[in-house]
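Colleague: Sharing the features that TrEMBL gives for it:
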- 11-192: domain 'Thiamine phosphate synthase/TenI' (DOMAIN)
- GLN41, LEU42, ARG43, GLU44, LYS45, ASN73, SER112, LYS141: 4-amino-2-methyl-5-(diphosphooxymethyl)pyrimidine binding site (BINDING)
- ASP74, ASP93: Mg(2+) binding site (BINDING)
Amino acid sequence: MPINSGFPYPLYLVISERDCAGRPLLWVAEEAIRGGVDIIQLREKEMSNDAFLKQARALKKLTDKFGIPLVINDAVDIAIAVEAWGVHVGQQDSAPLEIAEKFADRLHIGWSLEDIAQLESEQMAAVDHLGLSPIYATATKTDTITEWGIDGISEVRKMTDKPLIAIGRMHAGNAVAALAAGANSIAVVSSICQAPDPRAASQQLKNLLL
Ligand SMILES: Cc1ncc(COP(=O)(O)OP(=O)(O)O)c(N)n1
Ligand SMILES: Cc1nc(C(=O)O)sc1CCOP(=O)(O)O
Ligand SMILES: [Mg+2]
C-alpha cells in the first residue's frame, strides 16, 4: 500500500497500562516498536494526572530512542509538557480550534469523527488527521455510537483529503480491506497489547500494510 506523505504511519498503536494484560506498558511498547509500529498514542483514562504525566515522560524517552512520534490522548497539557508530536481529541474533549489557537506550531491534532456531518464542522480547519470512530464496535471502548464499517471508510474518503485512521476492532483480518477503502493508518489496542507476543503481532500487521 502506498504511504501517505501527510501521515506516513500505517501502523498506529494505542496503548494504556490497563490493556497490556498485566505486562509493563513500556515492555509492550518496545516490543511493538521493534515489530514495526510507526506511531504510539498513550491513552490513560483511569490514572491520576501525575501518574499519566510520569507515564508519558517515560514513553516519550522510548519513542525518542526509536525516532517515532508520540501522541497523547485527551490531555493537551501533558502533550505540551512532554513535547509530544501530537494530541488526539474526541467530540467531548478540548476543541481542535482552541488547541490550535495556542499550540498549532507544537502539536499535530487528531480528531475523532463519529458522524459524516462532522466533516462540515468549523473544527475541521484545525484538524490534521481523523480517527474514524469506530470502524467496528469494540469491548476496549464501549461509549461509541455507530459503526463506520469498511463502506463508511470509502464514504468519508470521497469527502475529505485528510489522513484517515481506522480504529475499533481492527486486526490482521480486516486491516487490508480498511486501507483499500481509503484509510491511511490502522490503529489497534487489543491486536497488539493483548497478543501473547506483541512484537510478532506488530510484525504480522505491518507486513500486511506495506
Ligand atoms: C486514533 C484515535 N481515534 C479515535 C480515538 C477516540 O478518541 P475519543 O473519541 O476522544 O475517545 P477516547 O479515546 O478519549 O476514549 C482515539 N483515542 N484515537
Ligand atoms: C481508543 C479507541 N477509540 C475508538 C473509537 O472508536 O473512537 S475504539 C478504541 C479502542 C480500540 O481498541 P481495539 O483495537 O482493542 O478494538
Ligand atoms: Mg478523548
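Placed from the backbone N, Cα and C atoms, the Cβ positions cover glycine too.
What does the local environment look like for each feature on the list?
Modeller: In the three-state DSSP scheme, ASN73 (4-amino-2-methyl-5-(diphosphooxymethyl)pyrimidine binding site) falls into the strand class. Around the Cβ of ASN73 (4-amino-2-methyl-5-(diphosphooxymethyl)pyrimidine binding site), 22 further Cβ atoms fall within 10 Å across all displayed protein chains.
Non-local contacts of ASP93 (Mg(2+) binding site) by the CB criterion (under 8 A, 6+ apart in sequence, same chain) comprise ASP74.
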Colleague: Across the whole of the domain 'Thiamine phosphate synthase/TenI' (11-192), what does the mean pLDDT come to? Round it, please.
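Modeller: Result for the domain 'Thiamine phosphate synthase/TenI' (11-192): average pLDDT 98.
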Colleague: Using CB under 6 Å from any atom of ligand 2, narrow the binding-site residues GLN41, LEU42, GLU44, LYS45, SER112, LYS141 to the ones that qualify.
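Modeller: Cβ under 6 Å from ligand 2: SER112, LYS141.
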Colleague: Given GLN41, ARG43, GLU44, LYS45, ASP74 as the binding-site residues, which ones have a Cβ positioned under 6 Å from some atom of ligand 3?
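Modeller: Within range of ligand 3: ASP74.
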Colleague: Which value in Å gives the longest Cα to Cα span across the 4-amino-2-methyl-5-(diphosphooxymethyl)pyrimidine site residues GLN41, LEU42, ARG43, GLU44, LYS45, ASN73, SER112, LYS141 as recorded?
Modeller: 17
Colleague: From the binding-site residues listed here (GLU44, ASN73, ASP74), select those whose CB sits under 6 A from an atom of ligand 1.
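Modeller: If the test is a Cβ under 6 Å from any atom of ligand 1, the answer is ASN73, ASP74.
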